[in-house]
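Chemist: Please see the structure below; I have some questions.
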Amino acid sequence: MNSIEFPLLDQKTKNSVISTTLNDLSNWSRLSSLWPLLYGTSCCFIEFASLIGSRFDFDRYGLVPRSSPRQADLILTAGTVTMKMAPSLVRLYEQMPEPKYVIAMGACTITGGMFSTDSYSTVRGVDKLIPVDVYLPGCPPKPEAVIDAITKLRKKISREIDEDPISYQRENRSFTTNHKFDVGRSTHTGNSNQGLFYQPSSISEMTSDTFLKYKKVQYPATNEKVN
């Protein structure tokens, strides 16, 4: 078709055709439809819940909250994470398909917050358990700050390369020292003798002398009645 005879047609064609790469198209589709898994445990999550309302309306960013980690590509942690909750959080993260992203929301999630000063069971930073892409400080952060964190994550996704996106994410994430979990069987004996903590997991593997040694617990005699 002769473009000289149809100048208007040629002008419309240039304005309606977009040339791009498959990598950019893939990044655009992922950043425009993030499906978050909401892992909220404290007051920070209340601030995130306000985004669902009509004032902020996070649906315009393509965010669709999911209840299953297998359908989510973004996990948003908000609130205090304890040592007892840590294995569940790691399990949820491992069940998410690649590529996946993490936003740490609030001081308690990032550093442990005020609960980490005198608590032995508080995880001092969720990045000790799972890699974090965006840190969102605040106590609690405002809904506008959450939108800003999502915008920064979208910009990060748009710059990802197509060669190996999974390794690219892992190389560009911040890690700190991981917690070491020693799984043991607790015994409520009434005193500080916890010798069964690191014994074999099955009682059948113990010798009879070892079992009877910790089985016999001497309680002080008392005549007081407890109401």
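Cβ from N, Cα, C; glycine included.
The following feature annotations were taken from Swiss-Prot:
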type: BINDING; residues: Cys43, Cys44, Cys108, Cys139; note: [4Fe-4S] cluster binding site
Chemist: Test of understanding: give the count of other CB atoms lying within 10 angstroms of the CB of Cys44 ([4Fe-4S] cluster binding site).
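Modeler: Within a 10 Å radius of the Cβ of Cys44 ([4Fe-4S] cluster binding site) lie 27 other Cβ atoms.
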Chemist: Which of Cys43, Cys108, Cys139 has the fewest nearby Cβ atoms, counting only those within 10 Å, among these binding-site residues?
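Modeler: Checked Cys43, Cys108, Cys139; of these binding-site residues, fewest Cβ neighbours within 10 Å: Cys139.
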